[in-house]
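K.L.:
Sharing the record's features from TrEMBL:
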TRANSMEM  A:6-25  transmembrane segment
TRANSMEM  A:37-63  transmembrane segment
TRANSMEM  A:75-94  transmembrane segment
TRANSMEM  A:123-140  transmembrane segment
TRANSMEM  A:160-180  transmembrane segment
TRANSMEM  A:235-253  transmembrane segment
TRANSMEM  A:273-295  transmembrane segment
TRANSMEM  A:307-331  transmembrane segment
TRANSMEM  A:367-386  transmembrane segment
TRANSMEM  A:398-415  transmembrane segment
TRANSMEM  A:427-453  transmembrane segment
TRANSMEM  A:473-496  transmembrane segment
Amino acid sequence: MSVALQLGIVVGYLVIALLVGLVAYRVAERTAEDFYLASRTFGTVVLLFTTFATLLSAFTFFAGPNIAYAEGPEWVLVMGLMDGIIFAILWYVIGYKQWLLGQRFDYVTLGEMLGDRFASRRLRGLVAGISLLYLFPYVMLQQVGAGTALEALTEGSLPYAVGAGLITAFMILYVVIAGMRGIAWTDTLQGIFMLVTTWLALIWVLAVVGGPVAATSALEAEAAHHLALGSDFYTHQWMLSTAITIGFGVAMFPQVNQRFFAAGSKTVLKRSFALWPILCVLLFVPSFLLGAWARGLDVTVPEGGNVLPAVLAEFTPVWFAALVIAGAMAAMMSSSDSMLLSGSSYFTRDLYRPFLEQDVSERREDLLARIGVVVFATGAFLASLWNPATLFELGDAAFSGFAQLALPVIVALYWRRTTRAGMTAGILASQLFYLGNLFVGSIVGAIEFFGPILGDLAPLLVLLVTGVLRGTYMGWTAGIVGMGLGLLVTVGVSWLTSPAPDERRMIYFERLEAD
Amino acid sequence: MRRLEVWGWLVVGVVLSALAIPWFLWGDAMTVVGVPLWLWWHVGWMGLASVVFWLFAQRAWGIGIETTGDSRGDRS
């Protein structure tokens, strides 16, 4: 009963999404700008919810409550700071400026915006390349998640490869048809749906267990230390590092960053900006509290399983639990939709066009964009079958990896003396530092492999590598240290070098006004 | 004047970020209506942030970014 119901709800959602996509296709113009950015026309509600749904879906429902269950509800604070405050401020600092520049120069991607200012095709390619390096495995992780969830839901009758394959095929069909406009419309429906069901779930569970006071005293009996702020897990440094790196990382995630270009007007940006902290609290507090309270409520969470489904199964009727779980799975897919679209735009506009085929008509670019979606999604699906550990690590590290881009970009946006050399050096240095930290084991392995050739140098190199790349620095993560390094190198090298003659140094500072 | 305003808002932004987590309640386990006090603080603070953001959007939007006439507030 439950399986058929859940599958029915998932399929029902997909059908609705496809219908919305078809409507969007009918109103769309056949240009790349329309496909990627809905011709920069989004209103407040759509922009707010599409950014929100793109960003937070799967984590809010699964990983977040799991952490609150295991370690206490402090995650709410970290999420609130990172998404409600830091990201909102960046919404203005990066987003509004990007939007103005996009209005004036028709930029569609971040790489395009930087490449134009610094007159550098290579810089443009570098930014796109780095973004794809993290985005591709991140999309793969979503496919792995959705495929595994389908396999679990059907109790194995739909094997992973088939489930993930079906989902990939659906996503390709959907994204190719719907484009940004359709995706944003379904995101909006879905965001509102998520908000309502999460609150219903909280109220339902609390009604059954006798209110928040009863739930908390049960938690106190089971794990009293979860109620006190802070723990060995939630240290000052860790909470700050996480909030800052993810908050900045979010702003550089292609599918989020690109939405900065898509707003319809200045008023839309203003309203979304002010509503952002409230929206974050409205969603995080109930979902994470449910996870935290579950600890005291005798809920049996299966090994490696998720807390929220277990809580719902225990306290709410089957149809309701199915609705929420199906919604969460759909949410996972909708994040992937947006990422596919952005991945395709980074690939076609910043890598394919500048380096392989410079003169393309609007119609042809629109076609290329759709082909890009097919290539990107199929590639990620094939990679998920092979499931290499390296890609897994990269996907997991995506937020911090993207965060490395943020400070050089802010410096470029606000400091006229930033030079092409400074920008390139800052981006490269922070990425190398961060990736080095991520793969320090492999680096040491490589040095040892070449030990016979390197001779006495080998142990010294190992000492140097492990000395510099330590993973954490007095409790601070490599992600945040890398951000600092990127900032220093960007400013330092810009200071020491003079701009190349063809750089357009003033375009970020002249005649920037909204109509 | 414009420049002073930029710095003022910058300070506001830093304060909003700094106190979203109530560090002064570190280790505190007091609960009010079943929810930890530190979480209530956070909820209230986010509400405050929203009001401050709204005020900013009404009064100062464009500061440090838009280049209107002779103001050079966009140098940071």
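First residue shown is number 1, and so on along the chain.
Just so you know, glycine gets a Cβ as well, placed from its N, Cα and C.
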K.L.:
Would you say the transmembrane segment (A:75-94) and the transmembrane segment (A:307-331) are touching, if the rule is that at least three C-beta pairs must lie under 8 angstroms and be 6 or more residues apart?
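P.N.:
They do not touch: fewer than three Cβ pairs between the two stretches lie under 8 Å.
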K.L.:
When only pairs 6 or more apart in sequence are counted, do the transmembrane segment (A:367-386) and the transmembrane segment (A:160-180) reach 3 or more Cβ pairs under 8 Å?
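P.N.:
Contact between the transmembrane segment (A:367-386) and the transmembrane segment (A:160-180): present.
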K.L.:
Do the transmembrane segment (A:37-63) and the transmembrane segment (A:273-295) share at least 3 Cβ pairs under 8 Å, sequence separation 6 or more?
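P.N.:
Contact criterion met.
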K.L.:
The transmembrane segment (A:273-295) and the transmembrane segment (A:427-453): do they have three or more Cβ pairs under 8 Å, with pairs 6 or more apart in sequence?
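P.N.:
Contact between the transmembrane segment (A:427-453) and the transmembrane segment (A:273-295): absent.
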K.L.:
Any contact between the transmembrane segment (A:6-25) and the transmembrane segment (A:160-180), i.e. 3 or more CB pairs below 8 Å with pairs at least 6 residues apart?
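P.N.:
Touching, yes - the transmembrane segment (A:6-25) and the transmembrane segment (A:160-180) meet the threshold of 3 or more Cβ pairs under 8 Å.
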K.L.:
Report, as numbers and ranges, which residues of the same chain sit near the transmembrane segment (A:123-140): CB under 8 Å and 6 or more residues beyond its ends.
P.N.:
109-112, 114-116, 252-254, 336, 339-340, 342-343, 346-347, 349-351, 354-355, 376-377, 379-381, 383-384, 391-392, 394-395, 397-398, 401-402, 405, 420, 423-424, 427-428, 431
